[in-house]
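Novice: One structure, as structure tokens, below. Some questions next.
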């Protein structure tokens, strides 16, 4: 084993945060220094050249001052017997760098701890808990112990459970020991069936049965028979959901039978490479819409980052594994937790009711969980465009007496939408003899029993089992798998996939039987064919673990070679683990032990498990009206604005990429001031169309404490009032996902669940013409524990989260909450679907005063809601609405405030909508949460708007309440009485406090403070655009039609590599990607539009010699996470070029040709900056390292094009315009001041960050990474090679910009870059 010291692992502020945690735990720790330590398992001693190469490979990341470590060393490494994602990716890089003697690399972190007193054993345990993840890592106290990383344990054998002798008791004991969560009737069922088979079950068979039949997988409660108050009910919960489909399935193509639902999309030109030539082009066809929303509540409570991360990963796989392969497109996340209680920022309504030790608190969930969800989406390459965040934890008088209701078991929602080909919506048959394949990462001993564990109330399983049920993530692996699926579906009728499922709860023990069962087959499997990174695992652990990033599929034998070639090119691991059989029987053979751990008929596993029956009693609560005595209006506004459900959520948004794909038409951030208040998310269906897709969310969970049905109806209603801001057209074009969370079995809750499902499934949705083709249930939303000898429990309210998906006619017509002051005189209209009832039960106002209230808002008249939707749609389509915001948490007051924040303007309104001189209840008028919306319309259009509202029966509930004023004010009148006059800037600051506090705790506190202070500046002019060229001029047009001499790229022996002169021939553009790159398609689309022939080139094509760069005119290295950024962002990619002779020679020759050009964006920028020794004229280029915030930053940033020789920026110097930024490692790092001066004097700086005043800035977040002098793009001395961190390819279309001036047409100013490249070639 070779040992190599690495760079320091923690920045100064990270060390300070760790020391702060030590102080909180009363640990006598005075200092901490940490550095990476690398371990290499070699097959032979490395020679000096190999040692030098390896040392260079393992030198990466930002330069942090090193010092000789002192103090006690604690070495954190991956658990021996496991192989970490870092290890597999860095080993891949080493192999690609011709380091064949390196069998495996692994990394640890050495912490050197200085103490003021000896640590006790308990203190040492506490310290270790701060620095390692006990599921995945261990702590050693000496370096030599790390040799255990490369030792392999002997496989453990299968264990049988002796029911033939021990009877039922033996199975009961196994049930507890293995955490199977089997019900009493299931135990009887298994004893009976295995006795009939005349043999004992093996532990692997029992675990497989438990997973496949868990509540998580089988949805027993939703499929149960029901008796309520002694009356047998006609329908199960699921049948009532399916009723929506029976009543209306006009545009639904697949429901209830696959991993995601499918609805009709638009006919567009889908843009992807030809499977044969690998040249990108448009394919005119239907882009149908995938819909899925998952929950990952239990793992997120135990370990928030991996819990939320794998929740997002699992939902992405669901979309990819729909039909014969789908394409995930855009994501959403949501969190409901108990009170945050931010230290030093505790709020008056936040009481501490305690929690069990095995779960983390709400604050920890919200500091870590959103990062996990965002990180997976970011690295996979899916924009996260939508979400919600609610806190609730209160002692209330409910139908069960006084009890604590809250979310100690959190809700973690992960969802999204994608696209699928029309011919791939339905799965095929599995032919007998089909090869059964596992695609993706290796088996690891994690996530055991996840399906069963999540089906129990928190506290019913042992703590070790709870922790064992959490999975760990590797999104870069999932990206590789998705690339394989993409290559398959892009083959159309030749798609080799016959059947596909994702691997989720229960691992392959659930996925493979489900695969063959759905295909009406049996299966014969080989255990030792399963890719396995932990050889010491038992058969149960190999078969049942929930290692992530895996898919199972059936491929006909004649298509196997094609599939194998695709996997090899994408470097996606796969294995044939079995064959489909005619007989519906399941066999698993283990050649290591020469036995058969599983041998059972399919119908015992999946066919005849007992059906559940639920007997429920209705319990209702009579709430008390809100006590107004302690509520003062001004103070109430401050409290409500600080409630997390209302408060600004920037800390949850800027950590997530919102521009990848180049198809995002509406993200959360609105207007020139980028305020996170969008009503819904919108994407374009492709790059050649304005058709698209929209999604919105709705949830009002505290209302269920007063009225189960009202809570469910409001969730649907809110999703509709949100999505109404997009151009949908027909309401039947909207489909819903319903995610149900319930503390099943809690008094009154079962009947309440039935009432809520009936309210939407049998009543509201059929009345509106809406379908619920997809959803999920989580039926164990309760946490129990013992504290100080007292039994405690926190029970969640019944929680329905609705997500609405809709096809969009024209994405340009989406209306945001941004109030406009540049459109002439305007009026504000309130549409009040509560029709003046102004009910305050379970509102934000009630919550911040620790009350519940009596009557909540409701959907009393479905026809009124339908009329509202169609009226707003008519106004949106005719462009009669300047701004739109639905009324939700915080009521009318918050709606108006958020619209003012987005428009950076003032509002003046009169809330008296009655016939009398004044409204008789100001508090209720301002803070009720009845459904509705506020519209800003031109005063000249007011009569037209009123006419449309009247046509849809809305006259009685529509009121002109005020206007926009060009002042820093929110001024509210009640008739002639001015009841509130507040500074909008002050309110904006209050609204931002929660996000600031969370950012300061989680990220670099200095940057968080800078961002918070910037929000206090009322003089901030917001984003703007000033161009030095004509945005509408297509400078490339004359060249696209002219003759062009091109040399066809060498992409294999079949291509004739001869010069040809073709009229209108296109220059050849290599769209270069490495494993983990995710921004290549939008890059190809931009160059294609500029007149290039864009070709998909994978690094594996170059390393294999299948593609030669000499045939290309241009080369672009694209953005993403090559190798998961394990050896520094872009550095592993660069070193696989520098240290591989085949690749090095090709790149060096290409860069030296004077008839080529190159571009590196984001990850490609980082990669090319590390190739400077091969690129003439790039000697001064800096490195790009971790952002100063130490956080992934997704911003819409203002930049200025500098005067340089870059061919891309010809005639663009001096132009200022916003651009998408998405990176975690974009900070320019120079060697010293002299290096920086040399860069500045060389004239190679091409782009700089500006603040909104037009000044070059280093201030956060206008400069999102802290680069000196705002530098974010550079070029070579001759201008042929340009590198930049921002993403012009994601915003080349105007509609893809988060904000843009109204006079921009189809192409944004960034299109000029790509056209300049075409002009340069002549």
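Cβ atoms here come from the backbone N, Cα and C positions, even for glycine.
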Novice: Look at the Mg(2+) binding annotation in Swiss-Prot, where 718, 722 are given, and name the residue from 858, 860, 878, 886 listed for that site too.
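Specialist: For the Mg(2+) site that includes 718, 722, Swiss-Prot also lists 886.
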Novice: Looking at the domain 'Glutamine amidotransferase type-1' (1069-1322) alone, can you tell me the average pLDDT?
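Specialist: Reported value for the domain 'Glutamine amidotransferase type-1' (1069-1322) is a mean pLDDT of 97.
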Novice: Going along the chain, which residues six or more apart from residue 313 (ATP binding site) have their CB under 8 A from its CB?
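Specialist: Long-range Cβ contacts: 376, 380, 473, 475, 478, 548, 549.
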Novice: Measuring Cα to Cα, how many angstrom lie between residue 1289 (active site) and residue 1162 (active site, nucleophile)?
Specialist: 11
Novice: List nothing but the one residue from 309, 722 whose Cβ has the fewest other Cβ atoms within 10 Å; the candidates are the binding-site residues.
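Specialist: Each of the binding-site residues 309, 722 was scored by Cβ atoms within 10 Å; lowest is 722.
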Novice: Could you state the CA-to-CA distance between residue 317 (ATP binding site) and residue 1162 (active site, nucleophile) to the nearest Å?
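Specialist: It is 26 Å, counting Cα to Cα.
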Novice: What three-state secondary structure does DSSP assign to residue 886 (Mg(2+) binding site)?
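Specialist: Assignment for residue 886 (Mg(2+) binding site) reads strand.
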Novice: Hey, how far is residue 1162 (active site, nucleophile) from residue 886 (Mg(2+) binding site), Cα to Cα, in Å?
Specialist: 37
Novice: Work through the binding-site residues one by one (315, 678, 722, 886) and name whichever has its CA nearest to the CA of residue 1287 (active site).
Specialist: 678
Novice: Over all pairs in 307, 308, 309, 310, 311, 312, 313, 314, 315, 316, 317, 318, 678, the listed ATP binding residues, work out the largest Cα-Cα distance in Å.
Specialist: 27
Novice: Nearest by CA distance to residue 722 (Mg(2+) binding site): which of the binding-site residues is it, out of 307, 311, 678?
Specialist: 678
Novice: Can you check what DSSP calls residue 1287 (active site), collapsed to helix, strand or coil?
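Specialist: Residue 1287 (active site) sits in a strand per DSSP.
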Novice: Excluding 718, 722, 886 themselves, which residues in that chain have a Cβ inside 8 Å of the centre of the Cβ atoms defining the Mg(2+) site?
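Specialist: Nearby residues not in the site list: 679, 696, 698, 717, 719, 720, 721, 723, 724, 887, 888, 931, 933.
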Novice: Provide, as an integer number of angstrom, the distance between the C-alpha atoms of residue 309 (ATP binding site) and residue 886 (Mg(2+) binding site).
Specialist: 30
